[in-house]
Amino acid sequence: MSKQQALVIKIGGAILESASALTQLLAALKQLKQPVVLVHGGGCVVDDMLQQAGFQSEKKQGLRVTPKQQMPLISGALAGSVNKEIVANAVSMEIKAVGLALADGDMVQCDVHPAQIGQVGVPKANDSRLLDALLQGGFLPIVSSIGALKNGDLVNVNADDAAVAICQLLNAQLLLLTDVNGVKGADGEYLTSLDQTQANTLIKEGVIAGGMTAKVNAAFLAANQLRRSIAVASWRFPEQIQQLLAGETVGTRIEYSKLN
């Protein structure tokens, strides 16, 4: 394990469609002295590829329903196109980037998601040696949210859940970067902090909905297992990463329950 605590950053959404936004983020990461792992989704790219192939995209509670016949397209989009474009951007900025998927080095194992939504996996941290070696060598691992079951079948993994598993693997800090500045409350204003009781109420009332539900649930899972708060913030302000590392509050701070 690297001597410094690692930072796991999950990216997705519009940042993957904006070369300038991605460049700004990578430039901010290049200035960090702390080891970083980037974990990415790419739902927008997947939606486009599925539509071009004549498939409909379906989600349940913010999670993509993934029929087996769609997996070649989804894995090609995430572990292929999206991952390699991020790596190529990083390399062009003289960052030593390495593109990975969750199954590489057996670092994250997956079980079938209990919600019966097709080829979707629940990730579990397993073996940190590959990431340890890369971080110690000064590399930037860029990890796609494609995993594998024990029988060898590929599965799609919610990228927030994938980031949580990597975070657990490295006992790292976690920053979930999203298209918005944080989590909104009932009054429409962004919350500076959110505990589990508040979140349950906001989800029940429909204030937190869709993809944000999955993001918030993943953040609470990480916060409670790691016993520290998790930040949900916007990728539009990469300078916030430095603020986070300095101990300042950025975006919405997801609080862990001390009763757990």
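A Cβ is built for glycine as well, from the same backbone N, Cα and C atoms used for every other residue.
Over in TrEMBL, the protein carries these features:
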{"type": "BINDING", "residues": "Gly42, Gly43, Arg64, Asn156", "note": "substrate binding site"}
{"type": "DOMAIN", "residues": "7-233", "note": "domain 'Aspartate/glutamate/uridylate kinase'"}
{"type": "SITE", "residues": "Lys10", "note": "site 'Transition state stabilizer'"}
{"type": "SITE", "residues": "Lys215", "note": "site 'Transition state stabilizer'"}
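Where TrEMBL records a feature, it is marked here on the structure.
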residue: Lys10; record: site 'Transition state stabilizer'; Cβ neighbours (10 Å): 29
residue: Gly42; record: substrate binding site; Cβ neighbours (10 Å): 26
residue: Gly43; record: substrate binding site; Cβ neighbours (10 Å): 22
residue: Arg64; record: substrate binding site; Cβ neighbours (10 Å): 24
residue: Asn156; record: substrate binding site; Cβ neighbours (10 Å): 29
residue: Lys215; record: site 'Transition state stabilizer'; Cβ neighbours (10 Å): 25
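A Cβ within 8 Å of the Cβ centre of Gly42, Gly43, Arg64, Asn156, the residues given for substrate, is found for these other residues of the same chain: Gly41, Val46, Thr66, Ile74, Ala77, Leu78, Ser145, Asn158, Ala159.
Counting in whole angstrom, Lys10 (site 'Transition state stabilizer') lies 11 from Gly42 (substrate binding site) by their C-alpha atoms. Annotated pair Asn156 (substrate binding site) and Lys215 (site 'Transition state stabilizer'), C-alpha to C-alpha distance, rounded: 16 Å. Counting in whole angstrom, Arg64 (substrate binding site) lies 13 from Lys215 (site 'Transition state stabilizer') by their C-alpha atoms. Each residue contributes its Cα atom, and for Lys215 (site 'Transition state stabilizer') and Gly43 (substrate binding site) these two points are 14 Å apart.
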